[in-house]
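Going by TrEMBL, these are the annotated features:
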- 103-425: domain 'PDEase' (DOMAIN)
- HIS179: active site, proton donor (ACT_SITE)
- HIS179, ASN180, ALA181, VAL182, HIS183, ASP220, ASP329, GLN380: AMP binding site (BINDING)
- HIS183, HIS219, ASP220, ASP329: Zn(2+) 1 binding site (BINDING)
- ASP220: Zn(2+) 2 binding site (BINDING)
Amino acid sequence: ILHRICWCCQLRRGGISYDSADQTALYIRMLGDVRVRSQVGFESERRGSHPYLYVDFRGLYPPSTESVSPWGCRCCRPLSFQRRLAVSPSLLCPSSRLTLCFLDDDYAGQAKCMLRKVGSWDFDIFLFDRLTNGNSLATLTAHLFNQYGLIELFQLDVIKLYRFLVLIQEDYHSHNPYHNAVHAADVTQAMYCYLQEPQLSSSLTSCDILLGILAAATHDLDHPGVNQSFLIKTNHHLASLYQNTSVLENHHWRSAVGLLRQAGLLEHLPVEDRSNLEMRLGSLILATDISRQNEYLSQFRSHLDQDDLNLQNSAHRHLVLQMALKCADICNPCRPWELSKQWSGKVTEEFFNQGDIEKKHGLEVSPLCDRQLDTVPNIQTGFISYVVEPLFTEWRRFCSTPLSHTMLSHLGLNKAHWREESDPSAKTKPQGNQGS
C-alpha cells in the first residue's frame with residue numbers, strides 16, 4: 001500500500017524585485033511576477049509534523065484494507081509540497097505475475113486504439129483520461145517508454161518503473177483545475193509529437209529521449225495551484241528555500257528527483273551517470289519558468305539567425321530539448337479550438353481561485369486573477385500575443401514541418417476566436433497563419 005504522508009508548510013520570509021519595461025516581459029511578469037536565475041544543487045526541504053494518509057493502488061494490486069485519511073477526502077487535504085512516501089513490503093516485493101504486458105497491453109479497447117494515434121496533434125487527452133479511469137499520465141508515459149524501447153535500453157525494472165509512474169501521477173493535485181496530472185499527460189503527448197519531428201528524431205540520443213519524456217511528465221510535479229508571486233508574498237518556506245528564484249520549477253525538479261530515488265528506478269546506474277541525469281532533468285524543468293521566456297528565446301533566436309545549430313553537439317541538442325519542452329508546456333493555444341478552449345477555461349479558473357484566496361485574506365489580488373475584472377478572452381489574447389506566438393514562430397523557423405505550420409494555423413484561428421468573444425462587434429476574419 002502506498003502511504004502518503006503530507007507535511008505542513010513552514011512559512012518564511014522573502015523579497016522580490018523586477019526591472020524590465022519591455023511589454024512582453026511585462027506580460028510575463030504578470031504571469032510569474034518575478035525575474036529569476038536558475039540554481040543547481042540539492043537542499044533538503046523543511047517539513048512540519050502533520051501526517052496525511054492516502055491510499056490508492058490504481059489497480060496495481062488486488063483491493064486490500066485501506067487506511068482512512070484524518071483529513072477526509074483528497075480534495076480537502078491541506079496545501080503541502082514535499083511529501084515522504086512510505087512503501088509497504090508488498091510493494092517493495094511485488095508479485096512476479098506482473099510483467100511488461102501490464103504496461104502496454106492491458107488497456108480498454110478504446111484507450112488502446114487512441115494510443116495507436118498518440119502522435120496526432122488533435123489527440124484528445126480529456127477523452128483518453130476518461131478511458132483510462134483517470135490514469136492518463138501513467139498509462140501514456142508507460143506506453144512511450146515501451147514504444148521507444150527505453151526499458152530494454154536502460155535495463156529498467158518494470159515494477160519500479162510503474163511504481164515511479166504511479167507516484168508521479170499521485171503527486172499531482174487532482175483538485176487543481178489546470179496544473180494536474182491531465183495537464184502533465186497533455187504536455188508529455190505534445191513532447192512526443194516534437195520528438196518525432198525529423199530534425200529531432202534523427203539526432204536525439206536515447207538519453208535525450210528518456211530525459212525529454214521524464215521532464216514532460218514531471219515538469220509541474222506537486223504544483224500547489226498558485227503561482228510564484230503568491231508563494232513569495234505569503235512568505236512561504238519554499239520561496240525562502242529557493243531565494244525567490246524559479247521557486248515552483250526548483251520544487252518540481254527536486255520532487256521528481258526524490259521520486260526517482262525512492263522508486264529506485266535508476267539505482268542500477270553508476271552514481272556519476274545518475275547525478276548527470278538528475279542535473280540535466282533539472283535543466284529541462286527549470287526552462288519552463290515563464291519569467292525566463294525571453295532569455296531562452298533570445299538564445300534560440302540567435303542560433304537560428306546565425307544558422308549554427310549543430311544537433312551533433314550535445315549542448316545544442318539540450319537547448320532544442322529545452323525549447324521543445326517550453327513549447328509543449330504552453331501549446332494549448334495551438335491545439336484545435338475545442339481542446340484549446342477547454343484548457344483556457346481551466347487555467348483561468350485556477351487564476352481566479354487564487355484571486356479568491358487573496359481577496360479572502362486581504363492580500364493584493366495578482367494580475368489576471370480577479371474574476372470581476374479579468375476575462376478569459378482578454379487573458380488568452382494577451383497570452384497568445386506576448387508569450388505563445390513569439391515562441392512558436394521561432395520553433396517554426398527551426399522546424400519548418402507540417403506540424404509547426406498546423407500549430408501556428410490553429411494559433412491564428414484561436415486568437416481570432418478570442419478577439420471575437422472579447423469584442424463581438426468587431427468580428428475579424430480568421431487568418432490561418434498568424435505566426436507573430
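Quick reminder: no glycine exception, Cβ is built from N, Cα and C everywhere.
A TrEMBL annotation is a machine prediction, not a hand-curated record.
For ALA181 (AMP binding site) paired with HIS219 (Zn(2+) 1 binding site), the C-alpha to C-alpha distance reads 10 Å.
With every protein chain in view, the residue among the binding-site residues ASN180, GLN380 whose Cβ has the most Cβ partners within 10 Å turns out to be GLN380. Within the same chain, the residues at least 6 positions away from HIS183 (AMP binding site) whose Cβ sits under 8 Å from its Cβ are TYR172, ASP220, TRP343, listed in sequence order. Mean pLDDT across the domain 'PDEase' (103-425) comes to 96 in this model.
In sequence order, HIS179, ALA184, VAL187, ALA216, HIS223, THR288 are the residues of the same chain, not among HIS183, HIS219, ASP220, ASP329, whose CB sits within 8 A of the CB centroid for the Zn(2+) 1 site. Of the listed recorded positions, namely HIS179, HIS219, the sparsest Cβ surroundings within 10 Å are found at HIS179.
Between the CA atoms of ASN180 (AMP binding site) and HIS219 (Zn(2+) 1 binding site) there is a gap of 11 Å, rounded to the nearest whole number.
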